[in-house]
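Lifted from TrEMBL, the feature list:
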- 29-219: domain 'Thymidylate kinase-like' (DOMAIN)
- 31, 32, 33, 34, 35, 36, 37, 38: ATP binding site (BINDING)
Ligand SMILES: Nc1ncnc2c1ncn2[C@@H]1O[C@H](COP(=O)(O)OP(=O)(O)OP(=O)(O)O)[C@@H](O)[C@H]1O
Ligand SMILES: Cc1cn([C@H]2C[C@H](O)[C@@H](COP(=O)(O)O)O2)c(=O)[nH]c1=O
């Protein structure tokens, strides 16, 4: 009897492990506004899709699911000037939670490679440091929101934040979102936040010089992916 119960428990444990196993790879792309993340992700997908062992799913934050895209509109709307820092942090975390559960976990469970344009490090840098809410506080709410999911690798696109904003101004001068409209001090603080994360997580976060030409940034990114994520390739 005791043996039978032990057997049932063991079978359940194996099944539970199976539910928890995520076979895919999760890569996030981070950096100041206008660092070139979206541009480079698109280039990488074009160059790498035929070389990876599984399809690449490109997604973004805030966003990546219907509900998260709706939350994105609220967060980034320049009219929502009175939004307080805590509300902002919780909205990013809420959008992330829906994104993780609806989009990222199913893709990873299906063995896909997920490229996410921003993830938790954005909250740590923008809300934790930029808004002075504290890295530990932001980490705590996000661990709850994401069921503790962490990217396997993060590419940090390193650019002087003012140069990034200039790139955006050049292409859409009258269409800055609420975060882009923040002052230089805020963007500078966000940048120092990213630098802190880079030194705190050297195993996971790899720096790319985002001030180089698009071709050079792509080439650096490919090299990093080949070196640190070799199993992703055929
Ligand atoms: N290495 C580069 N050199 C010069 N211009 C670039 C480079 N990379 C991207 N750009 C240009 O900079 C602008 C912003 O790029 P992109 O939208 O890819 O940045 P992003 O990091 O995704 O921005 P955001 O943070 O707002 O999402 C685009 O006009 C793009 O063509
Ligand atoms: C995920 C996330 C994003 N942000 C900021 C960073 C950008 O200013 C905008 C997102 O716009 P993008 O054009 O898609 O880069 O939101 C943030 O402050 N906190 C976050 O967690």
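FYI, residue positions are counted from 1 along the chain as it appears here.
Any Cβ shown, glycine's included, is placed from N, Cα and C.
TrEMBL feature annotations superimposed on the structure.
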residue : record           : contacts (Cβ under 8 Å, 6+ apart)
31      : ATP binding site : 37, 156, 157, 158, 159, 164, 194, 210
32      : ATP binding site : 157, 159, 161, 164, 165, 187, 190, 191, 194
33      : ATP binding site : 161, 164, 165, 168, 179, 180, 187
34      : ATP binding site : 159, 163, 164, 165, 166, 167, 168
35      : ATP binding site : 157, 158, 159, 164, 210
36      : ATP binding site : 157, 159, 164, 167, 210, 214, 217
38      : ATP binding site : 60, 117
Chain-mates of 31, 32, 33, 34, 35, 36, 37, 38 with C-beta within 8 Å of site centroid, ATP: 157, 159, 164, 167, 210
Secondary-structure category, per DSSP, in which residue 31 (ATP binding site) falls: coil
DSSP-derived structure type at residue 37 (ATP binding site), helix or strand or else coil: helix
Cβ atoms near residue 37 (ATP binding site) (within 10 Å, other residues, all chains): 26
Mean of pLDDT values spanning the domain 'Thymidylate kinase-like' (29-219): 97
